[in-house]
Amino acid sequence: MGVGIALQITGIVQGVGFRPHVFRLAHELGLGGSIRNDAEGVFIRLKGSQYKLDAFITSLRASPPPLARIDAFEILADDALDLDENHFVIEQSKAGGDAQVVVSPDKSMCPECLKDIQNPADRHYLYPFTNCTNCGPRFTLIKALPYDRKHTSMAHFAMCPECEAEYKNPLDRRYHAQPVSCPRCGPGLRLTQPDGSLISNDNLECLTECARLIKEGAIFAIKGLGGFHLVCDATNTAAVERLRERKVRPAKPLAVMVKDIEMAKSLALGSEEEWQLLESRERPIVVMRKASRQASNHSKIPADTAPPGLADAVAPGIDRIGLFLPYTPLYALLLDKIGRPIVATSANRSGEPIIIDSADITAKLSRVVDYILDHNRPIVSGCDDSVVQYCAGQLQVLRIARGYAPMALHAQHALPHQLMAVGPQQKNTLGFGLGHNLFLSPHIGDLFSIEAEDYFVRTLQSFKRLYGVNPTRVIADSHPDYAPSRFARDYVGSASSIEAGSSSISNTGTVKGNNSGAGQARELATVQHHFAHVLSVMAVNNTAGPVLGFSFDGTGLGDDGSLWGGEVMLCTATDYKRLGGLMPFALPGGDKASHEPWRLVIALLHDNVSAETLSSLGCLSHLSPAALGNHIKVAARSDVLKSSSMGRLFDAVAALLGLCNQIQFEGQAGMLLEAAAARANANSVNANETQAITFSTNTASTKAQANKDRVTQRLFAAFVSSNDCSNADACQDSGWDSCLETGVETGVETGVESGADSGVKIDLETLHSKNLTRWNGAALMNAILHELMELTLSKTDAAEFSSARDTLAAAFIDTIALAIADTAKCSPELPVVLTGGVFQSRTLANVTYEKLIKAGHTVLPWGEVPVNDGGIALGQLWYGAHIFA
């Protein structure tokens with residue numbers, strides 16, 4: 001007589017072929033029993049010999065289905081009296097209870113389905129909605145759990161006999177693939193005019209006409225898995241420029257979809273890791289180096305020479321290109337007919353979310369597109385394309401969406417409360433904590449419009465509905481005027497508020513505040529922006545700290561009321577201490593400074609440079625003497641807004657070097673600065689994107705490398721010149737001294753009760769005695785200006801000047817990396833976190849990472865969480881998981 005057991009398995013186990021996989025395994029081993037989906041994941045009952053049961057458990061744990069992820073594997077007792085040892089069945093799904101299922105993100109078309117649509121003998125031949133349990137839509141079509149067809153947007157498509165037979169056959173690849181369909185019974189394409197007038201609803205004719213019109217220069221709106229793309233021929237300069245003009249997107253790089261890996265390799269220079277990312281199941285947009293880096297040495301903004309055939313207007317002025325492969329049968333068939341790369345960028349109006357319905361295309365983008373390729377499978381939840389790059393020896397996610405989101409991290413201990421993290425104002429994502437899971441939503445975007453805020457609320461409601469969650473503990477950014485922060489206050493109502501980060505880390509790591517809510521009362525906690533950046537990486541690595549965090553971005557509200565952005569922080573999961581970082585400088589014009597970086601040049605140089613010298617700078621040549629004088633007076637005012645933003649320092653350097661005087665999209669100045677640095681590094685012997693800084697002067701070093709080393713030494717000396725506190729007045733601006741000198745006792749042993757790595761020696765005495773974290777941006781800018789003035793006096797020609805400018809860009813980035821490494825060496829025992837949007841600079845991330853690793857530091861990886869503001873919500877969740885425990 002056989003032995004009985006039961007298995008409760010949680011993770012990504014629904015909609016990924018888990019049940020048929022278990023069915024086949026049970027049959028192979030001769031086990032009886034059953035499997036069903038439930039609110040926890042899947043529940044399995046088994047009956048057979050102990051040897052067979054052990055073999056089953058070993059095999060399932062070692063080799064789950066390709067898209068599955070097992071988070072918890074619980075073995076339970078079961079007398080199995082009602083089970084037939086020779087019969088295994090798949091039972092009806094069971095609803096009810098608190099949902100613990102992890103919904104799988106949408107996945108790209110698998111190789112088997114690609115063969116099906118290419119095989120004339122297969123009934124799925126040329127069918128643009130072919131899928132199976134190993135691929136296709138998941139999150140974007142689910143309305144409710146459990147994941148069954150009746151709970152998806154495929155519910156109204158009745159299966160034909162052939163599809164139903166595959167759907168019901170546990171040995172078939174399409175068993176319980178909820179979107180399964182074919183040309184006889186499934187969704188179909190519609191080709192229309194912008195006003196919705198029908199041109200064709202025949203699948204093959206729609207594909208053929210669409211390909212022909214795109215090759216002729218037309219701009220299309222095409223419905224993908226999670227929303228519409230704006231599409232045109234990427235080799236057609238007129239079409240790309242027309243798309244930019246119509247969408248009012250003058251300079252921001254456009255993503256390019258390519259037919260296959262061979263076409264990709266003709267457009268980009270990639271590492272083996274980058275090609276693997278491109279071909280992965282997630283099929284993200286991968287940002288890589290262009291195949292050609294030639295640029296004009298005579299223009300202020302480097303002229304971009306795109307790879308052969310690709311329009312210059314696709315990614316003007318930068319050395320990177322974002323490529324991705326077809327991820328649906330529709331795009332695979334279309335690219336096969338077009339035979340050339342296409343621009344495929346999100347269809348939306350500026351500042352609004354991606355469009356998921358053709359009626360909105362007609363209402364909002366009818367003057368942008370020439371035609372619409374639509375289909376009749378509704379999109380339940382919008383989901384943009386993910387954007388990633390490979391740097392610092394690892395994946396770096398720039399936008400988390402299709403393929404990666406919704407993301408779930410498994411919590412070791414069950415959460416006592418349901419949590420909701422509302423995220424930041426820009427690059428917003430939402431976070432939810434439920435049971436043993438921390439969920440991160442797909443990219444929502446910047447919340448500066450009513451439409452974007454509505455999308456934020458719809459996403460929130462979708463997650464609440466999907467998981468049956470009613471959060472009682474809410475975490476928000478400490479900036480009170482952010483839209484998510486306002487929403488959080490309204491949601492919580494009059495519940496008590498807990499503020500994080502304003503106090504120092506205590507010996508126990510606890511946070512003081514009113515945390516006495518009872519029953520279902522809602523409570524709110526707020527988290528400082530840059531602290532949340534560090535927390536997001538801590539969450540990925542399942543650590544409560546302490547860690548040494550370098551949190552660099554544009555701006556975020558600091559706990560002293562000023563704008564931060566270049567922070568060095570000692571962090572645990574419940575609190576932080578600001579150890580310093582970039583010294584505050586003026587932001588004349590406020591938000592205008594983030595779009596007109598020449599204002600920052602005045603702010604950083606006016607104390608040490610005459611008005612006459614400033615007027616000679618190319619970035620200020622548009623100002624009359626009177627206007628320049630007025631701007632200097634504004635920058636010198638004591639009440640002018642100040643910030644310690646590393647992102648703004650990058651912008652200022654780009655403007656001073658003549659690379660970018662008017663920022664047309666976020667990150668543009670940084671991209672142009674990095675492109676210049678890449679050209680300089682390419683001219684150095686053995687220089688590449690992962691090379692550490694070496695002040696080498698031996699004969700093996702080229703003149704270019706030796707010159708860059710010399711310049712870097714000068715810039716670094718200027719940048720750390722305030723570490724001796726000789727500029728006491730500057731240090732005291734905006735409460736700088738008080739921020740540094742209060743808080744943690746030197747040499748304290750720090751840990752928190754909820755899983756911290758306690759007993760780590762934190763050498764704060766060394767940090768304070770050396771003052772390595774008082775970085776002087778003004779002195780650094782002055783040093784760069786000195787180098788530029790020397791070039792002017794030496795009367796170099798245009799080509800030599802451009803090359804020297806590129807060297808300055810590379811030396812600046814190397815200087816920031818050196819400053820980080822120099823600070824980290826004071827406490828080598830602490831794990832290091834590099835986070836914030838500034839670390840999207842591949843050169844900065846690569847050089848900093850290698851220097852830290854060579855010095856013996858542990859650098860915590862980013863995982864699949866965005867290094868920019870897209871990861872803030874997860875950091876907020878991690879904070880909430882600890883303070884509300």
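The first residue you see is number 1, and the count goes up from there.
Note that Cβ sites are derived from N, Cα and C of the backbone, with glycine treated the same way.
What TrEMBL records for this protein:
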- ARG19: active site (ACT_SITE)
- ASN37: active site (ACT_SITE)
- 4-92: domain 'Acylphosphatase-like' (DOMAIN)
- 204-403: domain 'YrdC-like' (DOMAIN)
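Mean pLDDT of the predicted structure over the domain 'YrdC-like' (204-403): 92. When the Cα atoms are compared, ARG19 (active site) and ASN37 (active site) turn out to be 8 Å apart.
The Cβ neighbour count for ARG19 (active site), using a 10 Å radius over every protein chain in view, is 25. Over all protein chains present, the Cβ of ASN37 (active site) has 25 other Cβ atoms lying within 10 Å. Secondary structure of the domain 'Acylphosphatase-like' (4-92), assigned with DSSP and counted as helix (H, G, I), strand (E, B) and coil, comes to 25 helix, 36 strand, 28 coil.
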